[in-house]
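Report on the following structure.
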């Protein structure tokens with residue numbers, strides 16, 4: 001799970017979580033709870049739109065956590081009705097210097113046949129070209145978000161109803177998208193043909209819910225029904241769930257990093273508990289890269305399940321050698337110089353008495369810039385560890401993601417510029433091992449490993465093989481991996 | 001570590017953390033960091049007083065977290081100087097309905113020979129009588145806190161310097177107190193003769209720090225020197241540390257619950273890592289009350305080390321069957337009915353896919369009212385567990401604490417009205433076992449267990465044997481355990 | 001000047017003030033000052049857009065007073081550059097229940113040839129039809145404001161530059177509009193062909209300013225150059241002021257109520273001080289409706305100049321019989337029942353010792369619902385006045401305004417349902433006299449009075465003769481005065 | 001009335017207003033309204049204490065205006081009960097750099113026989129000596145306010161009830177004081193023997209009110225009963241009003257500046273409307289210092305009544321040549337450089353069209369530093385006035401006040417260093433005339449003028465004759481006027 005604080009620029013960050021409910025009283029309350037459970041997918045801001053027969057569409061969009069913005073009686077009373085959708089976001093693919101409340105989703109458009117709101121998880125890779133074209137033709141954009149293109153394309157569609165307008169719009173769009181949308185009477189869910197981002201369907205009482213992850217169904221007491229399929233559009237009304245497949249079918253490529261890090265360990269992906277998958281990764285890692293040591297310690301909290309798996313496989317005792325300060329938050333406004341320099345020590349402390357003199361295996365989910373890994377290594381050595389061995393629950397992250405994840409530029413990725421051995425030296429640890437790409441595929445259930453000619457997942461961040469051409473980025477000068 | 005949210009009324013809560021620094025630039029910055037590391041000892045409010053040669057004493061007192069109040073450049077610039085103390089508090093022994101900023105410590109008094117500020121962790125058990133006497137004689141109280149008596153007693157002392165006035169005052173005081181205080185040039189630390197609450201001394205560069213726990217020394221990079229001894233007063237100036245023993249010596253009675261729950265797992269108490277002590281408790285528990293099962297799961301986060309110990313001792317695999325939502329906070333202002341009813345589900349979710357069909361041992365640190373334990377049991381059964389066995393890392397909590405801990409009234413404590421068997425039935429679990437009092441003493445290093453004629457710790461919350469007479473409470477009608 | 005507080009629903013309220021500056025350093029600072037001087041034209045919210053060569057367009061939009069939002073260093077630093085426009089507004093012609101920050105002007109649009117921002121004072125009387133048409137064609141509206149139509153019409157224009165697109169757009173628009181707009185390099189001002197709302201040009205150093213009123217030129221030390229003419233568009237760049245007349249010319253109809261009440265007494269309208277015009281109105285009133293009395297008292301503050309004129313003409317001494325509480329504001333959030341019931345007494349107090357036993361002439365600017373007049377009469381009688389005579393500095397307000405003024409529905413206007421005599425009885429005063437329509441025209445300088453066949457001013461609120469057909473209102477069922 | 005904004009450092013400022021109510025439902029609501037009406041006596045902060053039989057004493061103290069802090073249902077619900085007192089303050093005689101909420105009155109003390117709260121208008125001239133003595137004896141001060149001495153003196157009194165303790169305390173106190181205090185069952189009012197500051201008694205329904213001025217009785221619909229006499233203490237319970245005279249009687253010396261400026265024009269002082277007194281001052285001024293001119297203009301708002309009087313006496317027409325921006329407030333937080341330099345122009349604008357070419361008499365209430373007068377003169381000349389004549393409704397302010405008024409240090413007072421003629425030259429006006437001291441006494445009703453051997457008023461700010469020795473100030477080096 002992505003940590004919440006501003007000093008941690010050393011993780012990839014999921015950019016969005018989406019949730020929608022139809023057919024219950026005060027649907028927005030459920031949406032607030034669902035978004036709270038999805039907060040790990042986006043902490044910067046959140047928004048909810050609801051519809052009530054009498055009052056029409058209502059919306060609230062705020063910076064900050066769901067729990068601080070969408071739990072009070074006062075706010076929730078402004079969002080009545082049996083139909084609501086919501087969105088949490090980490091940051092926008094737009095201009096980050098100018099992040100404004102107008103960039104916070106759901107986006108809303110009033111069309112001739114009535115209003116619609118949409119919440120988007122993913123990233124449109126041809127947004128720049130679409131935006132230029134739409135402005136030429138007289139559309140006025142309110143945000144710097146790529147997602148706003150969808151609503152303008154819908155506004156200009158000649159179709160007579162909103163789901164068809166959405167199909168029209170999405171056929172123009174390239175990239176990754178899982179979408180939850182609503183009209184006055186319909187809740188709509190869509191996944192792009194590759195199914196890069198997750199989207200699941202749940203049953204809540206007499207109503208229905210759509211969610212990025214199953215953990216958000218649990219919090220509202222909804223039953224998990226099934227995943228929305230890649231390329232599927234579901235239109236839910238009081239008559240039930242209709243399913244469409246408006247796009248040309250292709251082989252799916254679900255994001256493998258959802259298994260490694262983005263999704264919550266209590267969510268179910270592809271029929272498997274994310275926690276168990278991560279424990280499996282730890283076991284695979286212990287098989288691939290064993291080492292003699294006294295303790296297996298997770299880098300909390302995201303390294304925990306893999307560390308448990310590593311311990312179970314290797315028989316080396318599991319211990320909490322690093323303790324997280326649970327009162328760490330993100331609200332450091334204009335911090336003092338001293339605070340700014342504290343970095344990871346504000347969040348983590350080494351369990352000195354435990355570590356002293358021990359050979360320690362540290363299990364982390366990934367290495368991005370490597371800055372945090374270095375600091376943790378220093379803390380562990382300061383505390384008197386005899387040896388430090390890093391085991392990483394993902395392959396080297398060498399390529400940026402353009403499908404809805406906030407990644408540093410390629411040159412900032414440690415693995416883009418160094419071999420595993422150089423990284424080990426750079427981090428100054430006794431050993432450093434990443435799980436292999438095949439090992440990771442095995443851990444997620446592909447017994448034969450990765451199918452090279454037609455990979456079962458999107459693993460572009462590891463392999464550099466992008467299943468959708470990143471047009472906007474190519475335009476800006478990004479260079480893709482040379483064909484082999 | 002005590003969780004931070006308002007729905008968790010099912011834990012005992014430490015009421016205070018204290019920290020002080022002398023002899024460094026911008027001492028208040030270090031105090032802020034130290035208090036951040038002690039936030040688990042008190043989340044309601046915090047305060048810092050600093051002294052600067054030119055500007056004199058400055059103070060800031062705020063409701064809310066340290067990280068939100070005492071990290072900005074703007075606030076910290078108002079607290080200059082090489083000497084500062086601070087306090088975080090959970091709640092006051094005063095009137096809880098009227099909690100006001102004036103109840104937030106440190107308290108400050110201007111005496112004829114200059115000002116002094118004090119921060120108090122503990123509780124004065126004869127505060128009511130002292131307050132009545134002081135008011136009769138013309139003192140005006142500003143707060144409803146028991147701790148304010150100390151500063152008024154100091155104001156009326158006839159001694160010519162502040163440390164001696166403090167000795168005078170503390171000799172009138174009964175109860176538990178660890179105190180950090182400051183004058184214009186001195187940092188003062190005191191522990192009551194029994195040493196109920198912790199206080200440690202650290203070296204930070206050329207200066208010194210006093211702290212409730214060692215974890216707060218770590219965050220500022222201070223070296224842990226030693227614990228302040230029960231009944232000791234240290235007076236620290238630029239000449240070094242002077243030690244006094246102003247009270248009659250008695251056998252110490254450190255709070256055993258600090259080992260069980262209050263202190264952070266990365267702190268060192270009595271020369272041992274708290275984490276290891278808790279792991280030991282888990283091992284003892286596995287020895288005392290074994291059971292056949294598939295998984296050992298902690299109730300996060302406070303049950304984690306004991307669960308690891310239980311797993312290591314029993315060989316039953318450790319797993320995270322319950323996942324904590326890390327974005328849970330305490331800021332639910334006027335929440336909706338629905339939110340209020342969510343209770344523990346806002347904070348915890350069961351890892352359904354993992355738990356299904358399994359026999360699960362749940363390890364928790366303590367059972368207070370039992371309300372949370374019931375809800376967790378229900379969640380686990382809903383998720384399809386085959387059996388649920390509770391193992392508790394402390395003996396039954398049957399008596400309130402009057403020494404600086406927020407405990408429910410005796411009749412609200414589950415163990416005050418039920419036998420272990422009745423509790424098992426009440427909670428509806430397959431088995432329920434608490435560690436024995438002797439087992440707990442063994443886990444904290446007393447190989448022979450508890451010395452009944454002269455217990456090595458204060459364990460009043462388990463045994464009902466109060467080492468200091470709770471005078472104020474007796475006045476209010478509290479009935480002590482009949483002598484056997 | 002319109003009072004600022006929420007209990008005063010008994011005045012007509014100007015809906016907007018606009019201001020723009022080009023060719024000075026930190027133009028936004030001047031705009032903030034100008035808007036502060038125009039605050040009487042709109043107190044609910046304000047916005048400023050600036051343009052800087054490096055940073056592009058920047059904007060800030062806030063609820064509340066200019067002095068509270070746009071005077072701090074911190075905010076103004078975000079609005080750099082030599083070109084800026086701003087807007088204050090009272091309320092929108094849109095949905096009042098849903099007033100949102102997105103309804104706060106200036107509105108901004110990014111066109112293919114660059115961005116433009118516009119600020120509008122007035123009201124578009126065919127906005128509903130325009131909006132329907134634009135939505136049909138795929139435009140997405142972000143606000144409920146009629147003014148947003150202009151920017152969408154501009155986005156769809158086929159002209160190659162922004163001033164021409166604005167001409168295109170405004171030719172589609174009916175109603176009253178004074179507009180200040182900006183591109184990256186141009187400041188643009190426009191008045192509708194009738195010139196209903198004011199707009200003036202000023203010279204500030206080497207730069208230029210456009211303003212609703214001259215009082216806002218004074219505050220920035222700008223020299224008043226001239227009024228923008230009805231139907232004129234000025235385009236100001238660093239090369240100077242270009243003037244266009246893009247509309248068909250018609251006889252102008254400036255709003256006569258600007259003279260009576262809306263404009264500040266220190267502004268100059270049509271070459272005359274508003275203060276002197278109002279003093280003239282008082283003189284005319286004294287001539288038309290003399291009465292024997294001891295004191296002439298204004299209803300503060302808007303009745304003051306007319307009361308002075310009445311006193312000078314009649315020779316009856318002028319006195320402040322009613323005192324205004326200058327600390328009255330508008331920020332009563334969820335006031336207590338008692339506060340709510342106070343009404344006008346929170347704002348005004350009678351000078352009891354002065355009034356007692358006197359025959360008092362009260363001069364007010366207008367009677368709208370009559371609720372305030374009744375309360376003032378009661379206060380005066382309570383204080384022991386012997387007689388109370390009302391003299392009103394405008395004719396009976398019997399018709400709503402649809403050109404940018406917030407008027408109650410017709411049936412709420414006292415003069416719409418009662419004769420002058422019935423009103424006198426309703427208010428319970430010894431006499432009540434309004435100035436005649438001809439008297440008012442004489443006071444504003446039309447020696448011959450009103451030209452019935454072609455009135456020199458828009459006086460629809462008195463006469464029911466609307467110079468522009470209120471299409472949207474007719475659609476909603478408003479009934480115009482039958483032709484005589 | 002004192003203006004409210006931070007650029008106006010050119011007025012003397014009353015430091016406090018006090019108000020109390022007993023015997024009505026929700027007394028605090030009345031107190032809030034009363035304080036709102038007294039806001040001109042103190043704008044920095046306000047506080048209210050109430051007492052309810054069940055909940056005991058409750059208090060709320062806030063920075064800012066009464067209307068912003070004490071009108072919401074939410075706040076007022078926390079202040080229940082039939083007995084309440086309140087205080088507004090401009091600033092403290094304490095340390096201005098450290099103004100803190102703890103300096104905001106009413107002050108509260110818990111005594112052996114119950115609690116009491118007091119609100120003080122005035123200044124204790126021997127506070128430093130009292131404070132030193134009290135600290136020596138063990139009292140702990142919480143504020144930097146001189147008024148806190150009273151509550152500590154009361155705490156140490158040996159009397160058995162609170163009114164007697166207050167008498168004890170006040171006999172130790174030197175200086176000026178009007179006090180409103182409360183116990184659980186009593187409302188108490190006191191004026192010092194000279195009666196420097198005002199205090200009046202009112203009847204509100206079955207209850208009673210005490211107020212600094214009668215205008216605050218008007219707002220709550222209370223009937224003005226009488227002034228509290230100099231040296232009188234009234235103790236009001238449900239049995240009625242008891243009167244005591246606990247001090248040695250001396251000839252009264254009411255503050256004459258209350259007539260000139262501090263009190264609201266609609267208040268009654270000494271049986272006369274303040275407005276009429278000020279009009280009289282204008283008439284006296286016109287008699288003493290006539291001049292040929294075209295217009296008499298007030299410097300708004302405080303010069304208005306004297307200007308009207310001057311006009312009535314001289315026959316020169318009264319006109320509003322300077323217009324005040326009614327949206328001027330005090331909330332300029334970290335204003336831009338440009339805003340800071342605007343000064344008086346943010347607040348006042350000249351009615352240019354009116355002033356041009358005219359000989360103008362400007363009537364102001366006083367000249368303190370002269371900075372504002374200079375700026376106004378410049379604005380008037382810029383607008384093209386032919387001549388500018390200043391007429392001042394008070395004698396030259398040459399001495400600081402030590403009795404509860406915020407005055408600049410003596411050397412900052414223009415009249416302390418210049419003769420009338422030098423001031424005229426300094427201000428650069430055609431003539432400058434102050435009313436004579438005898439003229440002022442005549443205007444307040446002393447037909448014979450000032451009694452030099454035993455002045456009827458405190459006029460120390462004009463005469464340098466201090467009726468109470470300013471001990472604290474003498475200690476700090478202040479030099480009194482040499483005896484003649």
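Backbone N, Cα and C atoms are what each Cβ position is placed from, and that goes for glycine too.
Unlike curated entries, TrEMBL annotations are predicted automatically.
Noted in TrEMBL for the protein shown:
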- A:16-239: domain 'Glutamine amidotransferase type-2' (DOMAIN)
- A:16: active site, nucleophile (ACT_SITE)
- A:255, A:401, A:458, A:461: [4Fe-4S] cluster binding site (BINDING)
- A:302, A:364, A:365: Mg(2+) binding site (BINDING)
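Where TrEMBL records a feature, it is marked here on the structure.
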{"residue": "A:16", "record": "active site, nucleophile", "Cβ within 10 Å": "25"}
{"residue": "A:255", "record": "[4Fe-4S] cluster binding site", "Cβ within 10 Å": "27"}
{"residue": "A:302", "record": "Mg(2+) binding site", "Cβ within 10 Å": "23"}
{"residue": "A:364", "record": "Mg(2+) binding site", "Cβ within 10 Å": "22"}
{"residue": "A:365", "record": "Mg(2+) binding site", "Cβ within 10 Å": "26"}
{"residue": "A:401", "record": "[4Fe-4S] cluster binding site", "Cβ within 10 Å": "23"}
{"residue": "A:458", "record": "[4Fe-4S] cluster binding site", "Cβ within 10 Å": "26"}
{"residue": "A:461", "record": "[4Fe-4S] cluster binding site", "Cβ within 10 Å": "28"}
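Excluding A:302, A:364, A:365, which define the Mg(2+) site, the same chain contributes A:261, A:298, A:299, A:303, A:306, A:363, A:366, A:392, A:393 within 8 Å (Cβ to the Cβ centroid), listed in sequence order. In the three-state DSSP scheme, residue A:461 ([4Fe-4S] cluster binding site) is classed as helix. In this structure the alpha carbons, written CA, of residue A:302 (Mg(2+) binding site) and residue A:461 ([4Fe-4S] cluster binding site) are 18 Å apart. On the backbone, the CA of residue A:461 ([4Fe-4S] cluster binding site) and the CA of residue A:16 (active site, nucleophile) stand 18 Å apart.
A Cβ within 8 Å of the Cβ centre of A:255, A:401, A:458, A:461, the residues given for [4Fe-4S] cluster, is found for these other residues of the same chain: A:196, A:256, A:257, A:403, A:405, A:459, A:460. Between the C-alpha atoms of residue A:365 (Mg(2+) binding site) and residue A:16 (active site, nucleophile), the distance comes to 20 Å.
Between the C-alpha atoms of residue A:364 (Mg(2+) binding site) and residue A:255 ([4Fe-4S] cluster binding site), the distance comes to 19 Å.
Recorded residues residue A:458 ([4Fe-4S] cluster binding site) and residue A:16 (active site, nucleophile) have their alpha carbons 18 Å apart, per Cα-Cα distance. Spacing of residue A:401 ([4Fe-4S] cluster binding site) relative to residue A:16 (active site, nucleophile) is 14 Å (Cα to Cα, whole number). DSSP assigns residue A:365 (Mg(2+) binding site) to coil in the three-state reduction, placing it in neither a helix nor a strand. In this structure the C-alpha atoms belonging to residue A:255 ([4Fe-4S] cluster binding site) and the residue listed as 'active site, nucleophile' are separated by 14 Å. A strand conformation is recorded for residue A:255 ([4Fe-4S] cluster binding site) in the three-state DSSP classification. Note on the domain 'Glutamine amidotransferase type-2' (A:16-239): its mean pLDDT in the predicted model is 93. According to DSSP, the residue listed as 'active site, nucleophile' is assigned to a strand segment.
Under DSSP, residue A:401 ([4Fe-4S] cluster binding site) is assigned to coil, being neither helix nor strand in the three-state scheme.
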